[in-house]
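Annotated features in TrEMBL:
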- 91: active site, proton acceptor (ACT_SITE)
- 339: active site, S-methylcysteine intermediate (ACT_SITE)
- 111, 115, 118: [4Fe-4S] cluster binding site (BINDING)
- 163, 164, 195, 218, 219, 220, 296: S-adenosyl-L-methionine binding site (BINDING)
- 97-328: domain 'Radical SAM core' (DOMAIN)
Ligand code: SAH
Ligand code: SF4
């Protein structure tokens, strides 16, 4: 199986080409064709010598994802379901904001963290995505935009699709290096956000990377009892392990951290919990931002979205305590744009179709 060329950082590509007898400067040319002129065929790399093209073709592919479904929402959100070379399906979402175009990428096929409210967690992890497969999601969206010839470009990335990015750490870092590279897509580190459910040791490692990428922590509850109830990862990394990891990150990077908090009706949305959350963040409030997320209900799941009033009270309580926060506006609700929802629907459909076939065949 040939690997995706998008999985290589510029340095890795340079080393690889030199190891294969090519001149060092070729990597700059190849990189330009991939990320600036954005060809999808090695033969279109016009100023690259034939021996280099041949050796690349023998070892790499450019396109490994195929578009299965594409849905466009009235608000401009576009949701893609891509099929991987092994038949697995992933989803990628492009959202339009006044500050630019943001793409939400998937990092794993399913997720093993198993948060009880999440459609992706219910499906378990099948495998990690390679760095190339993560990068290719951005390229697919960019190629789509290129085709429309309006000169639009992906300007922001959120690593908030299916999967736990810190459970696929090395591939995540390669991906971040590729998209951030000034010679290529050049998507600014400050325009990229990685969201984690709180794998504490990796938060230390991330702080040490020395990159300006934003970190978001899915906190979702202000005490261990409640957090363990909705996120079982809290058993391994409870708040007393998470908070020092956050402090380390803040000290090391001096960058603001976002705390994501899904509001689940009558579970974690009382004013009492808003106060507990404020207590928890009080000593770092100058570098904290809480993103309150109205829950997107998932089928076969006990949770409901909080009432508007509860959301407002929660928000107001945090604001009154001096904690900066906002309520996430939704994108593409008419097209199942919440994390993992379109994918899980598609998997259900496939299952139903297979079952129907079996029943028809009398199995
Ligand atoms: N695994 C990482 C990143 C992917 S999930 C993490 O958990 O942070 C990205 C965000 O979407 C998380 O904050 C997650 O809690 C949230 N999310 C998951 N399912 C949701 C749903 N049904 N409605 C609203 N937000 C959801
Ligand atoms: Fe995995 Fe994030 Fe979903 Fe939890 S919320 S199951 S960590 S994708």
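Cβ from N, Cα, C; glycine included.
Here the features listed in TrEMBL are painted onto the structure.
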{"residue": "91", "record": "active site, proton acceptor", "Cβ within 10 Å": "26"}
{"residue": "111", "record": "[4Fe-4S] cluster binding site", "Cβ within 10 Å": "26"}
{"residue": "118", "record": "[4Fe-4S] cluster binding site", "Cβ within 10 Å": "26"}
{"residue": "163", "record": "S-adenosyl-L-methionine binding site", "Cβ within 10 Å": "28"}
{"residue": "164", "record": "S-adenosyl-L-methionine binding site", "Cβ within 10 Å": "28"}
{"residue": "195", "record": "S-adenosyl-L-methionine binding site", "Cβ within 10 Å": "22"}
{"residue": "218", "record": "S-adenosyl-L-methionine binding site", "Cβ within 10 Å": "24"}
{"residue": "219", "record": "S-adenosyl-L-methionine binding site", "Cβ within 10 Å": "27"}
{"residue": "220", "record": "S-adenosyl-L-methionine binding site", "Cβ within 10 Å": "24"}
{"residue": "296", "record": "S-adenosyl-L-methionine binding site", "Cβ within 10 Å": "19"}
_Rounded mean pLDDT for the residues that make up the domain 'Radical SAM core' (97-328)_ = 96
*Return the maximum Cα to Cα distance in Å (whole number) over the record's S-adenosyl-L-methionine-binding residues: 163, 164, 195, 218, 219, 220, 296.*
19
_If you measure from the CA of residue 118 ([4Fe-4S] cluster binding site) out to 10 Å, which binding-site residues from the list 218, 219, 296 are inside that radius?_
296
*Between residue 91 (active site, proton acceptor) and residue 163 (S-adenosyl-L-methionine binding site), what C-alpha distance do you get in Å?*
11
*asked:* If the criterion is a C-beta within less than 6 angstroms of any ligand 1 atom, which of the recorded positions 91, 118, 164, 218 pass it? List them in sequence order.
replied: 118, 164, 218
*How many other Cβ atoms are found within 10 Å of the Cβ atom of residue 115 ([4Fe-4S] cluster binding site), counting all protein chains shown?*
20
_Listed recorded positions with Cβ under 6 Å from ligand 2, out of 91, 111, 219, 220_ = 111
*Provide the three-state secondary structure of residue 91 (active site, proton acceptor) computed with DSSP.*
strand
*How many Å lie between the Cα of residue 220 (S-adenosyl-L-methionine binding site) and the Cα of residue 111 ([4Fe-4S] cluster binding site)?*
17
